[in-house]
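As given in TrEMBL:
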- 11-447: domain 'Aldehyde dehydrogenase' (DOMAIN)
- GLU227: active site (ACT_SITE)
- CYS261: active site (ACT_SITE)
Amino acid sequence: MADKVQTPDFQATGVDAIAPIASSVRGTFRTHKTKKLQWRQVQMRKLYWALEDYTPQLLAALAKDLHKADFEALITEIDWLKRDCLFMLDHLEKYAKEDKLGSPDLPPPFSLMKYRVRKEPLGTVLIIGPYNLPVQLLLSPFVGAISAGCTAVLKPSEMTPTCAMVVKELIEKRLDTTAFAVVNGGIPETTALLNEKWDKIFFTGSAAVGTIVAKKAAETLTPVVLELGGRNPAFITKHANLALAARRLLWGKTMNAGQVCLSQNYVLIDKDVAPAFIEHLRQAYKNMFPNGAKASPDLARIVNHRQFVRIKKMLDGTRGKIVMGGALDESELYIEPTAVLVSSVDDPMMQEESFGPIFAIYPVNSLDEALNVANRVHRTPLALFSFGSKAENQRVLNEMTSGGATLNDAFFHASVNSVPFGGVGDSGWGAYRGKASFDCFTHLRTVSETPAWAEKIIAVRYMPYDMARLRLLNRFTAKKPNFDRSGRVVRGFGYWAKVVLCLGGKGAKGALLRWLAVLLAHYLYVNRFGK
Ligand SMILES: NC(=O)c1ccc[n+]([C@@H]2O[C@H](COP(=O)([O-])OP(=O)(O)OC[C@H]3O[C@@H](n4cnc5c(N)ncnc54)[C@H](O)[C@@H]3O)[C@@H](O)[C@H]2O)c1
Ligand SMILES: CC1=C(/C=C/C(C)=C/C=C/C(C)=C/C=C/C=C(C)/C=C/C=C(C)/C=C/C=C(\C)C=O)C(C)(C)CCC1
């Protein structure tokens, strides 16, 4: 089907057009039309139908740029985005509603001042996307920008040029082009965009370019979200279900030909079960590719020759032993799903982000050693995976951080579009997806309103200061600590009075439920046995 669909040839926007484009979308934000909820909802609905109607072109473009199978293109890109639109439309009114504040957030007499938090769009934002999921990773944050009421410029990756052009067409043909624009191009265009002033920059890509973006943004104190990469570890202990671990990790490494920021870069496995795991891996490979990976219509290809050479260099440079796969075909940018048994943490397979269908297997003597190695290789990866007992998995979560984590599977924590997703440390700043996408592009603006009639109540704040009045105010408003100087809770009269009054419940809700239970029991007793 893909080869019957016409897709446009790549055309860069050109550096000279960028300043006027940025100025135009900034001007639109100043008209305030994007702040209207109905306008945002209309744009979101238009985006949904644009994705639906452009599905043939998007499938053709993803096939052309990445040899991406329709199945993967739908589940990880097009259908994913359509779900994003529907999710946001379902929740937008609730998210955008201002929060009224009162007790217990506000002590008296502040609750008289009508405190509330308005959800306001940050303004005009720049969204820069990567090549591996060139549609979803550009437009998913865009759904957040629309929902928050921002205007936006999108910069797709030039590494997937056909996708970039189809996205440009569907946005410009179907959405409000006074508010949204797509700029196509590479370093020159992106650099020109970074020279413009934005109210937020959302960047997805490598740490190297993320650093360029962050430095540029810092010059004008522009907030950024960085969705970067990581050297993601998978832990396998002797208590793991090895067949399951093998199949699931192979899934994580073959989707999009391993060009997924979340896939495992290396496996730290108990040395006693490494041989059995490798056998299960080979079996899972046979089941997934009964006619071999190269013949499979499901396996994507490496995006371009530069990335192919980079991954090949890792295989050429390893001192490990290939235990699965290992075939390459430069003419097709094909790399077979490959596992390399390594014996040194310094092996290139352990040190570099493969961002391809290759990963290392590193046998360890203990979980202690595995955690030490993983924290040395990359202390803040984007993801981690743990296949072990409940206690072992909890220990991994407790002793190693990551952007997100999945227990007993590959990146399932990031395979649903409605939960927060982001990195930690140098694998990323900020998060999006679901409500986090709305929050990402929203400013929480606290507003209060002081009524004239309250003047006498709050006159204590004026000079000349009167300490007696301040002491009187504190007697009514200041909370007393229930702990001593050594940090211990003091169980004085107040503590026990609260225990009795709340019937041991935590907080007002707990106390109310307990009192209701007592009253119900009393009622039933009286009914059953009389007074
Ligand atoms: N955390 C995530 O959600 C996520 C998702 C996908 C990819 N990634 C990471 O991104 C990397 C692969 O993606 P990529 O190769 O597209 O990343 P990249 O950083 O090379 O490119 C990302 C974007 O930056 C632009 N760009 C590239 N060089 C630039 C420069 N010198 N100045 C200005 N802009 C420049 C590109 O045009 C592209 O639009 C991997 O490290 C991967 O881990 C992270
Ligand atoms: C339908 C009912 C049921 C069954 C449901 C089933 C079997 C659901 C299975 C769902 C699965 C396996 C979904 C897997 C999805 C994977 C996805 C979307 C992967 C996404 C990857 C992404 C987004 C990658 C991102 C990359 C990044 C950020 C970096 O590069 C029952 C049986 C439950 C009954 C009810 C009906």
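Placement of Cβ uses the backbone N, Cα and C atoms for every residue, glycine included.
Bear in mind that TrEMBL entries carry predicted annotations, made automatically and left uncurated.
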Where does GLU227 (active site) sit in DSSP terms: helix, strand, or coil?
strand
Summarise the model's confidence over the domain 'Aldehyde dehydrogenase' (11-447) as a mean pLDDT value.
97
Cα-to-Cα gap, CYS261 (active site) vs GLU227 (active site), nearest whole Å:
9
